[in-house]
Every structure is written in structure tokens, then in C-alpha cells.
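> Quick one: the structure is below, and I'll ask about it shortly.
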Amino acid sequence: MLPTTSVNSRNQGNGALNSRDAARHTAGAKRYKYLRRLFHFRQMDFEFALWQMLYLFTSPQRVYRNFHYRKQTKDQWARDDPAFLVLLSIWLCVSTVGFGFVLDMGFFETIKLLLWVVFIDCVGVGLLIATLMWFISNKYLVKQQNRDYDVEWGYAFDVHLNAFYPLLVILHFIQLFFINYVIISDSVIGYFVGNTLWLIAIGYYVYVTFLGYSALPFLKNTAILLYPFALLIMLYLISLAFSWNFTKMLCSFYKYRVK
């Protein structure tokens, strides 16, 4: 008998996986496979990860279209290849070293800043946001409460990483060229340029996050994830009215943390 017609491969034809296949699709098994590939660079598709990073700026919808393909072929929404995470970590290191150089930090201060950015700004905040969005989406946005229709925590974390990457490039790379000569000056143009970059970066984060959850066909009312735009624009206008310089505040905070 062919494997595709085996009675044991499905449970009475209802589409349920048998015990062996089910074990392969558990969250623990997927997590083990993902972490194991972290130590096998030859198994990572860095070219595809670079493609994703490019399209997160130009056409993020195409990135999430690939998540659909992964669900159809590998039965999971979350990434099974850590190449994107590895490249993002490299970007974090390079941009943070550049940030330390621009802020005239010493070697050990730059190392402290790097540890803070990696483990607090990216991983720590990412775990918090991913867990919160995972809970909210499964609790309030799923069309029908069913184990077959739920948001994977790994996918929620992937959405955070996707949204974090453009924010990182804008605030930790593009902004570096304007900090000392434009942004941290006490002029109007300084806090206008700095705060506008913050508006674009956080706006990108909100938009890419919205695209991530709206791409899931079993979620409803995902448009509410765009509501923070109203608060963001309001805060931006208030900051201009009161001459708040977010970048200057961030630089002061980073210098305080590395002392």
C-alpha cells in the first residue's frame, strides 16, 4: 500500500496527524530544529534573508506572502531558518558600534551599549511585545476559537523582528549621519529632523506589524493595529510644539546607562 493511502497516516481521513507526525509538529520540536540550525551556517539561506530585509523596506507584503508558502509547505507560519536573526544580530552589532563612535564612547562603554541594545531593546522588548501580541491576537482577533486556528508565538516574534529591522536601520544607521551636525543641536531643524525620523521608524514598525497579523486568514479586525498611528502623529505634533528632541533624549539615556 502506498504511504499516501495508509490508514495510519491520517485519523479516519479527517486530516489529523498521527502520533509520529504530530510529534514533529509540536512547538518544542520546531524550536529544537530552529535552534539546532543556528550552529550550522551552511544550512542557512542568507541570500533569501537578505531578500527579505530588502523587501521589508520596498514591499513588505511580499515578505509575508512567503510566510503563506511556508505554511502550505512546512505547516508552520514562523520561520524555520535562523538566517534572518543572524543577519539582524550583525546589523545590531555594526550599527551599535557606529552609534558608540558617533557619541564618542570608549571601548567598554560601546560594549555595554551593545549588550543593552541586543538584550534589552531588541530581545527583551521583543519578547514582551511578541507575547502581548500573541495573547491579544489569540484572545480577541481569532475568528473562531480552535486549536487549528491560533497564532504561533514564534510567528509573533518573527513579526516583531520584521518590524524592528526597518526601525533599526532608520534610527541606528541613517540617523547617525545627522546626529552630531543637525539633530542634537538646539535649533528647530534639529528636533524636526530627529523627531521626523522617529515618526517614520515607529510608523514603519506599526505598519509592518499590522501587515504581519492581517496576513493570517483566520484573524479578524486587524485594522485596529493601525490605531496607534493616531497617537503617534499626535505625540509627534506635541513634540514639535514643545521642542522635545527624542534623539537627544535617547543619546543622554544611552550615555547614562553605560556609565
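Quick reminder: no glycine exception, Cβ is built from N, Cα and C everywhere.
Given the structure is predicted, the values throughout are model-derived calculations rather than measurements.
Relevant sequence annotations retrieved from TrEMBL are reproduced here:
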COMPBIAS  1-17  compositional bias 'Polar residues'
REGION    1-22  region 'Disordered'
TRANSMEM  83-102  transmembrane segment
TRANSMEM  114-136  transmembrane segment
TRANSMEM  163-184  transmembrane segment
TRANSMEM  196-219  transmembrane segment
TRANSMEM  225-247  transmembrane segment
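A description of the local structural setting of each listed feature is requested, covering burial, neighbours and distances.
Non-local neighbours of the transmembrane segment (83-102) in the same chain are 38, 41, 44-46, 48-50, 52-53, 109-110, 113-114, 117-118, 122, 161, 164-165, 168-169, 172-173, 176, 179-180, 254; each lies 6+ residues outside the stretch with a CB under 8 Å from one of its CB atoms.
Taking Cβ pairs closer than 8 Å, the transmembrane segment (196-219) reaches residues 56, 60-61, 64-65, 67-68, 77, 133, 137, 141-144, 149, 151, 155, 158-160, 162-164, 166-167, 170-171, 174-175, 178, 183, 225-226, 228-229, 232-233, 236, 246-247 in its own chain, all 6 or more past its ends.
Tertiary proximity for the transmembrane segment (225-247) is limited to same-chain residues at least six positions away from its ends with a CB under 8 Å from its CB atoms, namely 175, 179, 183-184, 188, 190-192, 194-199, 202-203, 206-207, 209-210, 213-214.
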> Which residues of the same chain, at least 6 past either end of the transmembrane segment (163-184), have a Cβ under 8 Å from a Cβ in it?
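Non-local partners: 53, 56-57, 88, 91-92, 95-96, 98-99, 102-103, 117, 122, 126, 190-191, 193-194, 197-198, 200-202, 204-206, 208-209, 212, 245, 247-248, 251.
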